[in-house]
Amino acid sequence: MSLSKLSQKCFSRHHARTFIRFSSSDFQSLLGPPRVPNPYADSGRNKFAAPIVPINVNNHGNVFASIKVPINETPEAVAFKPEVEEAPRVEKVEVEATKIETEKVASSPAPATPPSAIDELNSLKDSLSKLEEAAASKTSAPSGSSGDNNDQPGNAEEVEARRKRMERNTRIGGYVLLGGSVIGFISFCFYYGRAQRDEAGNVIADEFSGSFLAPFYRIANSFKLWKDYVVEPAREQLLPDPLPAPYLQPKYTIVIELKNILVHPEWTYKTGYRFLKRPALDYFLDVIGYPNFEVVIYSSESMMTAAPVVDSFDQKQRIMYKLFRDCTKYMNGHHVKDLSKLNRDLSKVIYIDFDAKSGQLNPENMLRVPEWRGNMDDTSLVDLAELLKTIHLSDAEDVRPMLQYYSQYDDPAKEFRRRAVYLAQQEEQKKQQPDDSSMLKRYSGRLFGFRRHASA
């Protein structure tokens, strides 16, 4: 066999196998059979290829004739050859081959029709329903209320034994928890209710000694002390006694909040957390600082936060005392300043703040001013300094009536400036009235001949 024949035979085998493979039922669509009829299902419509086969006729050499062979007959295909003129004998061979192949195609069974998509979906639905029923039966079986398995005596006894075992474990756990709680309570009372002892180990007598319930009284007193530590100020006397002679003790005490009155906290991505100093703060401290007033910073901020801020802007030491959050009274979630613990005469104490809740224990001593939010064009401290200077110059024995009067306005410093301008205008008018009257008298005297009386 020549090389050309071998290559043609391999090529035909490859195409025949490919057609048979993709014509099988395994490659049918899941959506069902095609609506267009398959031309290869009808044996009468089979098309035949015409491979060329060499035939020896009357010893005249190789004569090529075309023999029609069904495409789907066998996996092997016949090699194709160029067509030549047909001989009468070739026609007989062709007719016989056609009859044989027609009989084979007619006797071969028709390909099975693949199931449709609706049938597959119905079967899938049936299988899912069966799985759901099986899962439901497994779930309801342990409950003991229904199911065929629970009707058996062995399963019922097992369920009852499990219930009794769980009940016993629950009872034992409750007893252990109750016993641990009792032991813990007794240990707590014994530790915190014991009497204090000195360095030698002797018992220190207190007001609860000799009582059968002394440990409980001591525990209640410990809770009270802890509450006072959190709620009440750190000490009963927040400021030391006034300066004795020959030192100069200012007559009036100014208690002022730090946050949003003198400085404003601000946080940015670039600078982080910092405090802005209010405009004219240095002038304000120069006016009200020692020896004019006894200035006390009383802030709700912690000492670690507020103390460095105060030291940064008070380099001249014009502020005498600093009180922080530990010196406030915690009431209803708010830090309240108790001025009665300042160890000063409240008739001469001026408390400046923007929050009315901070001075709710002593509202008559409070001068409420607007909150400063970092506006650098603000000049309220200048007006407030003039107001406090006026109070100092008035030398009043009780400043509370003046504070109550100005506290009725939203901005006391602004109202004071308005009244100061008004009084200055009134004084200017009073100064001008005597001059006008004297000029009128001199003019009228000259007019009516009374000059000699004026000269006399």
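FYI, residue positions are counted from 1 along the chain as it appears here.
Any Cβ shown, glycine's included, is placed from N, Cα and C.
Under the heading domain 'FCP1 homology', Swiss-Prot lists 247-391, citing sequence analysis as support. The topological domain 'Mitochondrial matrix' annotation in Swiss-Prot covers 23-171 and is backed by sequence analysis. Among the features that Swiss-Prot reports, topological domain 'Mitochondrial intermembrane' is placed at 193-456. Annotated transit peptide per Swiss-Prot: 1-22, in sequence order, evidence recorded as sequence analysis. Per Swiss-Prot, transmembrane segment is recorded for 172-192, and the stated evidence type is sequence analysis.
Taking DSSP states H, G and I as helix and E and B as strand, the domain 'FCP1 homology' (247-391) has 47 helix, 39 strand, 59 coil.
Through the fold, the transmembrane segment (172-192) approaches residues 215-216, 218-219, 222 of its own chain, all at least 6 residues removed from its boundaries and within a Cβ separation under 8 Å. Across the domain 'FCP1 homology' (247-391), the prediction's mean pLDDT works out to 93.
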